[in-house]
Amino acid sequence: MEATSVFWPKLGSQIFLSSSTNLWPLSKLYGFHLTSFPSKPLKHIRLKATNTLTFDDQERIRKFKKLPTSEWTHYGHSISIDVSEMDALRKEIDALKPILKSTLMSFKGIDSTKKRILMIYLLVSLGLAYHFEEEIYETLKMSFENIDKMMDGEDDLYTVSIIFWVFRRHGYHISYGVFQRFKGSNGNFKESLTRDAKGMLSLYEAANLGTTKDFILEEALSFTSSHLESLAASGTCPPHLSVRIRNALGLSQHWNMEMLVPVEFIPFYEQEIEHDEMLLKFAKLSFKLGQLQYLQELKTLTKWYKELDFATNLPPYFRDRIVEHHFLVQAVFFSPQLSRERIMMIQYFTGLALLDDTFDRYASLHEAESLANSLERWAPDQAMDKQPDYLRFVLNFILDTFEEFKRELGPEERSYSVNATIEEFKAAAKANIDLEKWAQADHIPSFEEYMEVGEVEVTVYASLAGIFMSMGKMATKEAFEWLKSRPKLVQYLSIKGRLMNDLMGYEDDMSRGYVTNAVNCYMKQYGVTKEEAFRELYKIVVAANKTLNEEFLSTTGVPHFLLKATIDLARMMTVAYNVNEGFTNPQGKIKEYMTSMFVDQIHI
């Protein structure tokens, strides 16, 4: 019997699972027919229901928008991995790691502590921080106790900005007052700063970690943005710095996915005159190992996805996005050794996306209610036997997937995490049916009414539950209780997710007659144009980002890794929605990002 290799949390360890039982294993397999993107534009198709129904609309014609299948799914089947290359990379990494660790921890004294923090910034930017978590924690804890002494007399814009960025990035509430020294007598930032391109860029990056109370950082963001655009366009900066400035203006490092940063930063660092050759090599080795690990997982996942047989069992209303799921999950589970967490989360996201598409894109209200009722009971309701085959398939897939989670986590005494996640999944289903009732009636509620339901339907709560479940023993019962309490951090993440989804998905919604969204609700309630609604909703997203930063810094009594996972989910959203609705339409920047991770392997 063929064996499938899956890597688990300890770097280099493996477990072999038989193909008949699949990933965890899965008790039932369904398959998928792979096709490429069509050359013609999207079109509406009309599909006649063929299953026996008891409703009056038995012979009704459904109208829905067929989405193109993903070109990436086919790519996953063609992947070839050289395991010996991965082993060789691990050996080189293991040899270099203690040398770099010694370098990081060898700095002593106040000035040397600054150098250590600047090196931490390099480690984060080069994608290496996960190798040195204990050393970074020890350094920042010790340094923050002497922060005033360390910052006293420091007048280099780059140094101050990077130190500020590193501390806030790791949850230390360093005061924005450190930037007061760069203001002139008129209360504005000194114009002389504009001659320091790297300093201006670092100040811009630091300003993106501002809270609702950091007014000086809002000024810094405005000041740096306009001048950096001019610097990048003027040709006075080195070309590699101009590229980095333009990338940062498009998406700041703070809101970028951690594993995407080194895609741009490694080439930048290599062109820096004073780069460290050993650190650069270590970054390339580590990134290459991550790429190969991801590809190995994709080969397994695309095989599993093909065997799910969605195309045979479902009308073509669902988003075929298994590889896109893997890419986005990397936002939370980045390091190569977290293979188990990624795979479990991808299975979970597949169920969430199928649920959303079924409610949002295809099911009649009768069918949607039956599915929601069955999920609430966590078993088929009486009406389910009379529902179309496709709907029973959706329900069975969801129930079977969670049963496999229980089988996987039960021996670890973590069934509570599956049960808690099920409850969040049910809440998402209920919110879906509430929105569906409005949508099918073409009802546009008040903005407040819509957001109350929409913040749950956008599945932030359900996604975080799945993330916590996938973490294994790290996420205790208290983690799920914290999520259940709906803390402010998570509430504002839901606001951000709901609005970004509706802003970027607005044209898609309207093209299929789906009028119940935040834009239309805001337009109706406040009597404004679409353009005005977009502008005001974007302001709410910006304000939500500041609150996220604030809550990340001020929340106490919650493990740091849970707070980081929440912010990482925010980063996933930012990348997915930065230019368009990147999950539904994975073109443009999303395609560039995925190509850099899965196709263009780094040269060492």
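Even glycines carry a Cβ here, placed using N, Cα and C.
The number of other Cβ atoms within 10 Å of the Cβ belonging to D356 (Mg(2+) 1 binding site), over all protein chains shown, comes to 18. Reduced to three states, the DSSP call for D356 (Mg(2+) 1 binding site) is helix. Positions annotated as Mg(2+) 1 binding site by Swiss-Prot: D356, D360.
As annotated by Swiss-Prot, Mg(2+) 2 binding site applies to D356, D360.
Taken from Swiss-Prot, the feature Mg(2+) 3 binding site applies to N501, D509, supported by similarity to another entry.
According to Swiss-Prot, the feature motif 'DDXXD motif' maps to 356-360.
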Alpha-carbon spacing, D509 (Mg(2+) 3 binding site) to D360 (Mg(2+) 1 binding site), which is rounded to whole Å: 10
Contact set, same chain, for the motif 'DDXXD motif' (356-360): CB under 8 Å, 6 or more residues outside the stretch: 317-319, 368, 371, 391, 394, 429, 432-433, 435-436, 439, 459, 514
Pairwise Cα distance for N501 (Mg(2+) 3 binding site)/D356 (Mg(2+) 1 binding site) [Å, integer]: 13
For D360 (Mg(2+) 1 binding site): intrachain residues, at least 6 apart, with Cβ closer than 8 Å: N432, L435, E436, A439, Y514
Cβ-based isolation winner (fewest other Cβ atoms within 10 Å) among the binding-site residues N501, D509: D509
Helix, strand or coil at N501 (Mg(2+) 3 binding site) [DSSP, three-state]: helix
